[in-house]
Amino acid sequence: MTGLQYMSGFGNEHVSEDPRCPGALPEGQNNPQVCPYGLYAEQLSGSAFTCPRPTNKRSWLYRILPSVCHKPFEPLKEGHLTHNWDEVEPDPNQGLHTLCGAGEPRGRNGIAIHIFVCNTSMLNRCLYNSDGDFLIVPQQGKLLITTEFGKMLVEPNEICVIQQGMRFNVEVFGETRGYILEVYGAHFELPDLGPIGANGLANPRDFLVPVAWYENCQVPGGYTVISKYQGKLFAAQQDFSPFNVVAWHGNYTPYKYHLEKFMVINSVAFDHADPSIFTVLTAKSTRLGVALADFVIFPPRWGVANNTFRPPYYHRNCMSEFMGLIKGHYEAKEEGFQPGGASLHSMMTPHGPDAECFEKASKAKLEPERVAEGTMAFMFESSLSLAITKWGLQTSECLDKNYYKCWEPLKSHFNSKRK
């Protein structure tokens, strides 16, 4: 694992070939009559052919056998994977729920949030998502992810994105868990920086893309290819590894990013800036400035604002906010919000720091301080109104039904004679 190599850059035109087969990439064209080494040329499209050049995504893969070589797909038992948001009545209350989402993949507009727990590697199995992109946030344990483009090792405090249609499998090393944001209808992009200028937040060069790696082997007992299609799972059999890509080039790739690379922007005068300054990746909707989904982090940073209540302020949001915690303690709720847990603040449901945080921050001496040291919280924010799944609500032993009580000790400090 320590010998893995990567190429850097977000959305770059990358070129890679396995060093065991030098010259595997065709020169000067994508689809020659005969490819080097007798390989098959196959294009993976991540956008419509006629998309404007800045948003056109595709990669050419040169593989030992094309991916069409498999038996017909058969329905696979789904388990707890669902896109049916009408299983239970809507619930606007604040709470620690696990799975939610909105929209649907057939209309190519929506998101789903999953929590994964696993202790067994995928052996002779791979998955690809026909519905959309996976943004994977490991919280515990390492993931060795093999893709058609090569291998990535993803650890807690890192994220990776497996885009629509890309085949991958996962090797784990003990108990592993984390979060997945699934987006259908858009790809993740770096947010526009506006007045910030050319640099800051997540820098493009810090995103890493795997280098070509292939295996050429017959698989005893067959290889299972699992397709997630219109919210359901299907399985097909083939007798060879799908990771047989000897070389590839293009700008449609899987990638990973280390959250410690994020260049934090913050207030250095007064008041508390909106959390949008912590956006790592965004998946845009059709409305200008409104995200289908944002991936936002709350990393360690300096707090220096004067005459300011420094923790997150109380607010009601026209967006849905799903928060998770990778490690440490979340600054606005240090008790009860555990690593691996999550909270959902639904549209226009008020939320903010608990009573203890408010009293402490209101009386604190305002001097430069490190905020969120040793922690990493994140938020999946969406313009969609999210629904909780039946599975999420049925895991009653994991639900914090007393979450609302963290605000009950808040008391009035109103004094009509005070200015």
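Numbers here mean position along the shown chain, with the first residue as 1.
Every residue, even glycine, has its Cβ placed from backbone N, Cα and C.
Not measured: the values here are computed from a predicted model.
What TrEMBL says about this one:
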- HIS272: active site, proton acceptor (ACT_SITE)
- HIS315, GLU321, HIS351: Fe cation binding site (BINDING)
- TYR330, HIS351: homogentisate binding site (BINDING)
- 5-259: domain 'Homogentisate 1,2-dioxygenase N-terminal' (DOMAIN)
- 261-414: domain 'Homogentisate 1,2-dioxygenase C-terminal' (DOMAIN)
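The Fe cation site, placed at the center of the C-beta atoms of HIS315, GLU321, HIS351, has further neighbours from the same chain whose C-beta lies within 8 angstroms: PRO312, TYR314, ARG316, ASN317, HIS345, THR349, PRO350, GLY352. Comparing the binding-site residues HIS315, HIS351 by how many other C-beta atoms lie within 10 angstroms of each C-beta, the top residue is HIS351. The Cβ of TYR330 (homogentisate binding site) has PHE298, MET323, PHE337, THR375, ALA377 as same-chain neighbours under 8 Å, each 6 or more residues away in sequence. Cα-Cα distance from GLU321 (Fe cation binding site) to the residue listed as 'active site, proton acceptor': 18 Å (rounded to the nearest whole number).
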